[in-house]
Amino acid sequence: MSASSSGGSPRFPSCGKNGVTSLTQKKVLRTPCGAPSVTVTKSHKRGMKGDTVNVRRSVRVKTKVPWMPPGKSSARHVGCNWENPPHCLEITPPSSEKLVSVMRLSDLSTEDDDSGHCKMNRYDKKIDSLMNAVGCLKSEVKMQKGERQMAKRFLEERKEELEEVAQELAETEHENTVLRHNIERIKEEKDYTMLQKKHLQQEKECLMSKLVEAEMDGAAAAKQVMALKDTIGKLKSEKQMTCSDINTLTRQKELLLQKLSTFEETNRTLRDLLREQHCKEDSERLMEQQGTLLKRLAEADSEKARLLLLLQDKDKEVEELLQEIQCEKAQAKTASELSKSMETMRGHLQAQLRCKEAENSRLCMQIKNLERSGNQHKAEVEAIMEQLKELKQKGERDKESLKKAIRAQKERAEKSEEYAEQLHVQLADKDLYVAEALSTLESWRSRYNQVVKDKGDLELEIIVLNDRVTDLVNQQQTLEEKMREDRDSLVERLHRQTAEYSAFKLENERLKASFAPMEDKLNQAHIEVQQLKASVKNYEGMIDNYKSQVMKTRLEADEVAAQLERCDKENKILKDEMNKEIEAARRQFQSQLADLQQLPDILKITEAKLAECQDQLQGYERKNIDLTAIISDLRSRVRDWQKGSHELARAGARLPR
């Protein structure tokens, strides 16, 4: 059968537009015997952008050599070199008749892919666990924020309670001081009344003795006057005076004059004693008033110093509270910054992991497709080699018949030679395609190795993030411990102040209880004073003088009270200034709390960014769908090429034996 009877020239599959890769070929004549060698430059345009790896593989294929008639140079042992700058494919047919392929199935093994998939699964599990841990940490941070807010509210309530307790303590202290002053005044008055009573008793005894003497002198003078009257009356009735009568009269006159002189002396001494008593009482009262005023001034100074110390203590407490508030603000700022950095790192890692997962899945699909196409090409090459063996055997069987009819079959031999050359060229194209597939496979393997290396880098980043998360957890625990210690200290201070308040209350009640018998004693003293006043009505002039002095001392006491009121006003002004400073600190704290309340808006912004990342992920998934469509198109083209190869095999089978 001739080549024309077999349905014309056989169809060869093109490796250009319909193939997987586009090839630009340059043919250069470089052979040891002057035969042309083919130089092919390959540009891989399909697939992902990656690093190209130079691959040099030598595939030795036993091709069928066409029969040459005598007189022509034999084409045996002619080497065909495929040369390319990035990777060179050399095809040198050996002298042996058996076809030996250097390409093995181990080159296309999937063990590396399985190990890579296992590693990817492990990485995915680790990433999921890390994501869960980050979610747990986020929930813990939210819980801690809630606890901090509750603690802040608790602290504010405790501060209000402390302020109320401080006000009550100030009031009770004021009441206690007033009660103490009253009790001390009552004690002083009681002591003064007792001393005055003793002194008055002594003076009373002295005056009573002097009065008794004066009364006795007056009674004696009165008796003498009565006797003188009697004698004068007798003399008037008798109207005659004897010498004895004159002597008695003179004697009575002398006695009367003596009695009057003694009475005047006793009266003078009594007046002197009364004058001295008045002067002594005036000086003593002035000294006592001076002492009481000095005591009151000293008490006012001590009270002022105590109030200044209390104000300094309150200022120190306010400064400590402000420092604690600033520390809490700094801690809240650091916690918010750490949470923000964690969220940003989490989003960045999620985006990177998604991109790497998509790229890995895409690379795995492409590697699988390339392995399938390589296996198919290998099967096709083996089929073509078997066809060539069959053709060689047929040529050897027909050799004897061709020798007999060499002249008649010369044209047919030339046609078969041309057809063999075409098959040789087609086989070279197939080998070139296989080499391209192997190079792409190697490039994908290198890219897969790069992806594995990136996975390792990501693992290191994950370990660093785990360390950072543990550091953050430790910092959070330290912050919680500090908050607990501050809370415990505040509770202890509150308990101490409540204990002091209860002690002040007990002392106040005790003072009130001791105040009742003191009032009774005071009433008794007033009764005794009234009795003494009733017995000393003769000394009203002295009392008027004393009243004028008492008015003076009252005026001085009013001046001291005015000074005390001024001190109280100054204390109130200082307290108002402290309250204003505390309110300013509160306002500042509330403004900083308002700044902290802006954290949910920032979280919303980050959630919006996450939504944008999810939209980008959906776009990448759409691109993946488009790429799968392209891969299906390529598969359909490969099937068409397989159909063409089957038709080529059929055409080879129809060749004349």
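In case you wondered, yes, glycine gets a Cβ from its N, Cα and C as well.
What Swiss-Prot says about this one:
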{"type": "COILED", "residues": "144-423", "note": "coiled coil"}
{"type": "COILED", "residues": "461-635", "note": "coiled coil"}
{"type": "CROSSLNK", "residues": "LYS138", "note": "SUMO2 cross-link"}
{"type": "MOD_RES", "residues": "SER73", "note": "phosphoserine"}
{"type": "MOD_RES", "residues": "SER74", "note": "phosphoserine"}
{"type": "MOD_RES", "residues": "THR92", "note": "phosphothreonine"}
{"type": "MOD_RES", "residues": "SER95", "note": "phosphoserine"}
{"type": "MOD_RES", "residues": "SER106", "note": "phosphoserine"}
{"type": "MOD_RES", "residues": "SER109", "note": "phosphoserine"}
{"type": "MOD_RES", "residues": "THR110", "note": "phosphothreonine"}
{"type": "MOD_RES", "residues": "SER115", "note": "phosphoserine"}
{"type": "MOD_RES", "residues": "SER129", "note": "phosphoserine"}
{"type": "MOD_RES", "residues": "SER139", "note": "phosphoserine"}
{"type": "MOD_RES", "residues": "SER261", "note": "phosphoserine"}
{"type": "MOD_RES", "residues": "SER632", "note": "phosphoserine"}
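Restricting the average to the coiled coil (144-423) gives a pLDDT of 75. There are 12 other CB atoms within 10 A of the CB of SER261 (phosphoserine), with all protein chains counted. The number of other Cβ atoms within 10 Å of the Cβ belonging to SER129 (phosphoserine), over all protein chains shown, comes to 11. With a 10 A radius on its CB, SER139 (phosphoserine) counts 10 other CB atoms from all the protein chains. When the alpha carbons of SER261 (phosphoserine) and SER139 (phosphoserine) are compared, the span between them is 116 angstrom.
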